[in-house]
Structures are given as structure tokens and as C-alpha cells.
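What TrEMBL records for this protein:
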DOMAIN    23-486  domain 'Amidase'
ACT_SITE  K74  active site, charge relay system
REGION    145-164  region 'Disordered'
ACT_SITE  S169  active site, charge relay system
ACT_SITE  S193  active site, acyl-ester intermediate
Amino acid sequence: LLRRLRQENPLKQGQITPTELCQKCLSLIKKTKFLNAYITVSEEVALKQAEESEKRYKNGQSLGDLDGIPVAVKDNFSTSGIETTCASNMLKGYIPPYNATVVQKLLDQGALLMGKTNLDEFAMGSGSTDGVFGPVKNPWSYSKQYREKRKQNPHSKNEDSDWLITGGSSGGSAAAVSAFTCYAALGSDTGGSTRNPAAHCGLVGFKPSYGLVSRHGLIPLVNSMDVPGILTRCVDDAAIVLGALAGPDPKDSTTVHDPINKPFMLPSLADVSKLCIGIPKEYLVPELSSEVRSLWSKAADLFESEGAKVLEVSLPHTSYSIVCYHVLCTSEVASNMARFDGLQYGHRCDIDVSTEAMYAATRREGFNDVVRGRILSGNFFLLKENYENYFVKAQKVRRLIANDFVNAFNSGVDVLLTPTTLSEAVPYLEFIKEDNRTRSAQDDIFTQAVNMAGLPAVSIPVALSNQGLPIGLQFIGRAFCDQQLLTVAKWFEKQVQFPVIQLQELMDDCSAVLENEKLASVSLKQ
């Protein structure tokens, strides 16, 4: 029923108005406030935008597929007139005077900005647990699928305290889409920060090729790896958002000429027999859960059964990617965080003994332990006596890692198929037993190398685990072959038929459940 309704174009046919849609999403934001998905809810802004969208529809002047569609934006993208905090004390109260390019492009298409979503502080983390506004809870913690499985387990703990992480650092955006409070959300992806939470929340998480989408207005973490990411409930929706965002930007010199045909609609891939799917043997690591390993193998068998060629390939420098990423990431973090000195914007301490004392106290108060630790590591690697042995060597290894992908694709492979994460989402209390650096190294093991190589990648939800939780697999494509990658992902999505999250128990009453089902029936594809 939902798939059929998606193609009936409720907004264009007047079955639901942008204002009604906006109000339903705002209602769900309030009902799901305990998930802590949003830092700021821009209710007045969204309702005003919905009113303007409604007028356009009545006059037959729709701006496109995104007109009247509720979206959310991770709180490390600048939004004019709306607080942008990076989930930090340093930027609490900071209101940018301009919009990030990707935000402006969404607004130009008529999208409704529901609010700014939660994250790890300055996007440094893989669980969305380290922000100053508190951790994000995974909507699947409250799903019918998960709770029924827990009831069957006599050893299950207290449900209220044993909620699951969303993954990170774009966990707020993932929770927002998963809980039906919006239809698409922007995340940022530096080492897997969009794909990781997508896998844990049962969503499509897309990282475009580096340079395809502008980074202007995205508060930088690692300039050479940061990419705006897209979180949606289906591949077609991700493609529509990509079509709106892709293209050169004079404010971002790293963007390239847009190789995507517009309007950007994915063709249906009926025949995969001409495809060659690569399986990187180095990704079969001991830490990989048996369920993920089994689904990865079944996915490869699915392609093979439909006539595709499936090859084992080698990415020989994979084992160095974690260390290489750490050196390069912290080095760029140390440089980027230097701008937060208490002088120009953001937090400033009350100490006025000296400029140096003010700098130190401001940064001590404004940054958490994770950010300060990465700054210290980065500055160590950039010391004159360490620069050649750490930073320069890491750059050379990065080139080798990128060349591994080039060699794999030159061998005839069209797309690589890998796991996205080692396992399903874990309980918060279990997750915080490890320190941030260890968690990030473990959780991003399959995703970091893609950012160092600048390639497009997408995580697709495949099936529910034995505990009733989502498991995702990752497809990696050639640079700037984003359309081909998403076309393959769309075919795969159709084959696996991932179930819709059932959140009845999360709602206050039956009418809210009906609202939820109506929301699920609206797609960006109109």
C-alpha cells in the first residue's frame, strides 16, 4: 500500500497540503522529543515556508520535487538567522548571517526546514553521544520489531535504560528521518558519518563524490574529506535530493562541473547481468558479526543469481587506513579548530589577565575532551620534528589507498559491495564503555577509506537482525559515477524489500499512528 501511495503524488493532487504535512511533522517532532534528534526546531520558519509553498501549488507554480517537503539539517551547516551550534559550548548562541550552499539550494526548491539536528560535538564521533546537548536515541529502540524480540529474551534488561545508539556523527539527522519527522535530512560525511547512522537506523545514507556537492557553509572538520551527506527512506529520494544539491559553486573551489543530468531521475535497472560486483577480501575482518557476514554473502549471491559477475578483489592497503585517517583527520582538525579563539565569534571566557590566558580558558570551556584530544594529537603530528614522519607519510599512504580503488575499478569492477558497520546498533551503556577514538576506529573501519579516496558510497538497509534491528550494506562506486551507483542501489533495494519501522508504541494514540502511516506514504518522487 505504501509503495502504491508513493506514486499518487498527494501534494500535487491536493490530497494533503504543505501546511498539513508540516504540521504533522511538527507534531511528530514533539511526540518524539525524547529521542533528542533535534537541537533547534524552526517551527515558525517551517510554517511560513509551508504557507508559501501552498500558494505556489494553488497557482500551479511548484518549484519542483522538493516543494513543500519537510527536511532537516545537521547542526554543523550554517543557517541564516537560525542558531548553529555544532553541539558545542563553543558555538552555543551563534547565529550565522548566511546559509550553507546546500541549505540554500534546498530552500530554493521550496523545501521546508523543520530544524537543526543533533550530532557529536563538531562531528567528532561515531555514536552521536558526545554532543553538549546529550545523546541521540535510535527510534528502533522503540520499534515493534525490536521490542517483540526483546520480550522473547529472558535476559533482556530494563527497556528504559537499554536504548540503542543511532551511530554518528549524523545521528540526529538519521533519527529525524527514521521517526518520520521529515523526509530527507542533510548530514556530513568525513569518515562514514552519514552511512554509519543510516545503517543503524534502517535508512539510505549517501555520500556523494568529493567535489560534486558544495561544502561552503559546512563548518569544517577535515576539509579534504568532508562531504555533505544525504539521509532518506529510499534511493529515489536520495537521488532527488542529490539532483538539487549537485553542481559547481563559486564559493567552493573544490567543486567540479556537474556531471549529473537534470532533472535527476534514476532509471530502473532491469538487467544486472552486465555488471561486475567486487568483494574486497580485506573487509572480511574477525570483528565482523556473523549476521552481517551472512547478509553480505547473500547479497553477493543475489547479484550472481541474476547474472552479474562477482569477483573477489584486493585493496591491499586497507589495514593502514585507520592509522592514516587518524593522522590526517587530527592534523586538519588542529588547523580548523584554531579559528575558535574567543575573539571573532562563539564562546569567550571571562578571564582578562592576558590574551594567552583568555585563549586557553575559552578553548578549555568551549571544547569537550574529545575535541581537545584531537587538537593535541593533530598539533603533535604537525610539529616540525614530526611532520615528515607522520603527516607526509600519511598523505603517501592515502595515495596508495586511493590507488587501490583505482586498480580495483580498472580490473573491470563496476561497483564494490561491502558491509557498512561491524554489527547492528548497540545499547548506549555498552557503547560508552570504549573511548571515542576506539569506537570511531571500530565503527568506521569500512567507511573511512572511501573518504580518503573521494569516492561515492551508499549504505542500503538489507534486513533485520535476529534482534529485530536494521543491518546495512555499502556500495562504493567510481569517482563521479554517482548516478550509476544509485541505479545499482535502487535495483538492490527493490530486491531486498526492507520493512518499514513500526513505531505504534511510540505514539500517544491511534490517530497519531494513522498520521504516521500517511506520512510514510508521501515521497519526494512526485
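Cβ atoms are placed via backbone N, Cα and C, with glycine included.
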Please report how many Å separate the Cα atom of S169 (active site, charge relay system) from that of S193 (active site, acyl-ester intermediate), as a whole number.
5
I'd like the number of other C-beta atoms within 10 A of the C-beta of S169 (active site, charge relay system), please.
37
Between S193 (active site, acyl-ester intermediate) and K74 (active site, charge relay system), how far is it from one CA atom to the other, in Å?
11
Fewest neighbouring Cβ atoms within 10 Å: which of the active-site residues K74, S193?
K74
